[in-house]
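Some notes on the structure that comes next.
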Amino acid sequence: MVLKLVVLISGTGSNLRSLLEASQDAQFPARVVAIGADRDADGLALGEEFGIPTFTVPFTAFPDREAWGTELIAQVRLWEPDLVILSGLMRLVPAAVVDAFSPHLINTHPAYLPEFPGAHGVRDALAAGVDQTGASLIVVDNSVDGGPIIAQERVPVLPGDTESSLHDRIKPVERRLLIQAVLDIANSHLDLKELAR
Ligand code: GRF
């Protein structure tokens with residue numbers, strides 16, 4: 001089965017790039033069918049580079065999170081995805097989005113959940129002075145980064161690490177976890193419905 005993926009971003013989309021590169025291999029069992037963003041994200045340029053359609057549902061153009069979510073659902077549904085990936089979408093999605101797509105709605109997070117949930121997982125790990133943090137891939141539910149864990153891996157915090165040096169070491173791990181999960185879902189080795197039960 002070739003999975004149809006919609007990937008939602010807010011930032012540079014480096015994790016998205018790794019998925020796009022992986023799916024250039026004809027054997028890879030998934031294709032990104034559309035890239036969506038909540039703002040004018042730099043990563044939307046990857047759409048042009050890889051010939052993938054993009055759409056933007058600007059958060060600030062809607063009166064509230066619910067109205068934004070309604071339009072986001074409509075835009076994502078147009079692509080009939082098997083899996084929706086939040087890859088650096090820096091917004092909490094409203095419950096209607098979770099209801100529409102979960103458990104086929106997954107999120108990458110730059111910490112070893114349940115440690116350091118929220119928008120500043122890397123910064124919070126550094127501030128806490130821990131000697132290891134990590135990367136996690138989860139099913140999105142109505143909590144903040146509290147959904148079922150699909151995969152996670154530890155990443156050491158090194159002396160002298162800054163938020164950016166640590167994040168740069170975490171991201172390749174996030175990418176690996178994400179690509180492996182996409183492979184496992186496509187090959188029926190991972191059943192998100194079962195995991196989220
Ligand atoms: C990733 O670390 C993701 O987990 C976090 O934001 C980062 C996105 O990076 N939520 P990029 O846009 O893929 O470079």
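Each residue, glycine too, has its Cβ placed from N, Cα and C.
Under the three-state DSSP scheme, His109 (active site, proton donor) falls in the strand class. TrEMBL lists His109 with the feature active site, proton donor.
A C-beta separation below 8 Å, combined with a sequence spacing of at least six in one chain, links Ser14 (N(1)-(5-phospho-beta-D-ribosyl)glycinamide binding site) to Gly43, Lys171, Arg175. Look at Ser14 (N(1)-(5-phospho-beta-D-ribosyl)glycinamide binding site): DSSP puts it in a helix. Taken from TrEMBL, the feature N(1)-(5-phospho-beta-D-ribosyl)glycinamide binding site applies to Gly13, Ser14, Asn15.
Packing around Arg91 ((6R)-10-formyltetrahydrofolate binding site) is summarised by its Cβ count: 18 other Cβ atoms lie within 10 angstroms of its Cβ, all protein chains included. The secondary structure of Arg91 ((6R)-10-formyltetrahydrofolate binding site), as reduced to three states from DSSP, is coil rather than helix or strand. Annotated (6R)-10-formyltetrahydrofolate binding site per TrEMBL: Arg65, Met90, Arg91, Leu92, Val93, Asn107, in sequence order.
What TrEMBL lists as domain 'Formyl transferase N-terminal' is 4-182.
Under the heading site 'Raises pKa of active site His', TrEMBL lists Asp145. Within 10 Å of the C-beta of Asp145 (site 'Raises pKa of active site His') there are 21 other C-beta atoms, taking all protein chains into account.
Closest to Leu92 ((6R)-10-formyltetrahydrofolate binding site) in space, going by CA atoms and restricting to the recorded positions Gly13, Asn15, His109, Asp145, is Asp145. Using a 10 Å Cα-Cα cut-off around His109 (active site, proton donor), the recorded positions Gly13, Asn15, Arg91, Val93, Asp145 reduce to Asp145.
When the Cα atoms are compared, Arg91 ((6R)-10-formyltetrahydrofolate binding site) and Gly13 (N(1)-(5-phospho-beta-D-ribosyl)glycinamide binding site) turn out to be 15 Å apart. Neighbours of Asp145 (site 'Raises pKa of active site His') among the binding-site residues Gly13, Val93, Asn107, defined as a Cα within 10 Å of its Cα, are Asn107. By the rule that a residue counts when its Cβ sits under 6 Å from some atom of ligand 1, the recorded positions Asn15, Leu92, His109 yield Asn15, His109. Neighbour count (other Cβ atoms within 10 Å of the Cβ, all protein chains): 23 for Gly13 (N(1)-(5-phospho-beta-D-ribosyl)glycinamide binding site).
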